[in-house]
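A.B. asks: Structure below; questions to follow.
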Amino acid sequence: MSLVCPIPIHDQLIDCGFAELGYFKIIILGIIQGITELLPISSTAHLRVVPAFLGWQDPGTPFTGAVQLASFFAVMIYFKKEIAQIFFGTLSSIKEKNYSSTDFKLGMGIIIGTIPVGIMGLLLKSTLNSPNSPLRSLYVIGAACIVMGILFIVAEKVCKHGRDFSKLTFKDCIIVGLAQVAALIPGVSRSGSTITAGLFLGLKRETAAAFSFILGVPVIVAAGLKQIHEMYNAGMTAYGWSVLTVGIITASIAAFLAVFGLMKYLESRSTLIFAWYRLSLGFVLILGTYLGWIS
């Protein structure tokens with residue numbers, strides 16, 4: 001039975017059942033979250049699927065959202081130069097009223113590209129945060145994995161991948177930003193949907209990944225802080241906070257290793273390995289759920 005925080009938030013109970021998993025299981029899930037949040041294979045899917053396979057309870061959407069902050073720390077460290085360039089370049093452009101600069105366009109594009117997923121996240125809040133959300137169904141996750149796997153294959157086979165980070169445009173920010181909305185569906189993967197969008201736009205694989213991670217910083221921070229704020233308002237216990245902290249620290253270490261490994265991998269290899277993995281995972285989930293192997 002999942003533990004629900006004792007105080008409802010806007011008439012919705014916040015699922016804090018992850019605290020019942022204890023430190024060891026949370027460390028395992030933190031490692032999984034850190035790796036799969038930045039790899040284009042869906043952290044939400046794995047945080048739903050792995051506990052199901054092991055007979056553990058679902059850690060829930062609040063935990064998944066809060067632990068995403070680990071990815072923020074990893075991205076800020078790994079891409080500190082690129083992020084600093086965009087941030088300070090945007091401020092400098094505003095000061096100089098140079099609104100045609102590349103840094104200003106990217107900075108504004110990232111902000112505007114974040115708005116759609118923010119609006120949809122608020123509209124779907126009650127469904128996404130529900131302890132028994134239909135969107136966390138293994139059938140939904142499996143189908144999402146399959147669809148994204150197919151899109152990865154199409155993007156790899158059909159599109160040219162020649163543009164690097166210096167060729168990014170405001171239009172790229174908007175299109176890739178819109179792709180984040182699809183990631184509200186568990187199994188789609190925020191990095192998966194945005195990297196795929198980048199590939200369709202003709203970006204180099206490593207550029208698509210880097211841009212995906214940087215563009216995702218506002219969303220990751222907003223989602224993580226929102227979940228933490230709601231847990232605080234719901235009166236989560238000190239033990240719950242300690243378990244969450246362990247999860248975030250573990251996930252941060254795993255996330256940095258994941259982004260380092262992925263960027264090196266994409267310098268000379270395609271994303272097809274992730275496409276085939278997603279297709280395999282999707283079919284296993286749907287078949288396994290149908291046959292009653294997992295629930």
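The backbone N, Cα and C atoms fix where each Cβ goes, glycine too.
Unlike curated records, TrEMBL annotations are generated automatically.
Okay, so TrEMBL annotates it like this:
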type	residues	note
TRANSMEM	21-41	transmembrane segment
TRANSMEM	61-79	transmembrane segment
TRANSMEM	104-124	transmembrane segment
TRANSMEM	136-156	transmembrane segment
TRANSMEM	168-188	transmembrane segment
TRANSMEM	208-226	transmembrane segment
TRANSMEM	238-263	transmembrane segment
TRANSMEM	275-294	transmembrane segment
A.B. asks: As a test: from 104-124, 168-188, 238-263, 275-294, pick the stretch that has the greatest number of Cβ pairs under 8 Å with the transmembrane segment (136-156).
C.D. replies: 275-294
A.B. asks: With an 8 Å cut-off on Cβ pairs and a sequence gap of 6 or more, do the transmembrane segment (238-263) and the transmembrane segment (21-41) reach 3 or more such pairs?
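C.D. replies: They are in contact.
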A.B. asks: Mind checking which residues reach the transmembrane segment (168-188)? Cβ under 8 Å, same chain, six or more beyond either end.
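C.D. replies: Long-range Cβ neighbours of the transmembrane segment (168-188): 42, 44-45, 48, 102, 105-106, 108-110, 112-117, 120-121, 124, 128, 135-136, 140-145, 147-148, 194, 196-198, 201, 203, 207, 211-212, 215-216, 219, 282.
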A.B. asks: Residues of the same chain, at least six outside the transmembrane segment (61-79), with any C-beta under 8 angstroms of its C-beta?
C.D. replies: 14-16, 18, 29-30, 33-34, 37-38, 43-44, 47, 128-130, 133, 136, 210, 213-214, 216-217, 220-221, 223-228, 230-231, 244, 247-252, 254-256, 258-260, 263
A.B. asks: Checking distant contacts: for the transmembrane segment (21-41), what same-chain residues at least six beyond its ends satisfy Cβ-Cβ under 8 A?
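C.D. replies: Same-chain contacts beyond the ends: 47, 50-51, 56-57, 59, 63-64, 67-68, 70-71, 74-75, 148, 152, 189-192, 195-196, 213, 243-244, 246-259, 262, 271, 274, 277-278, 281.
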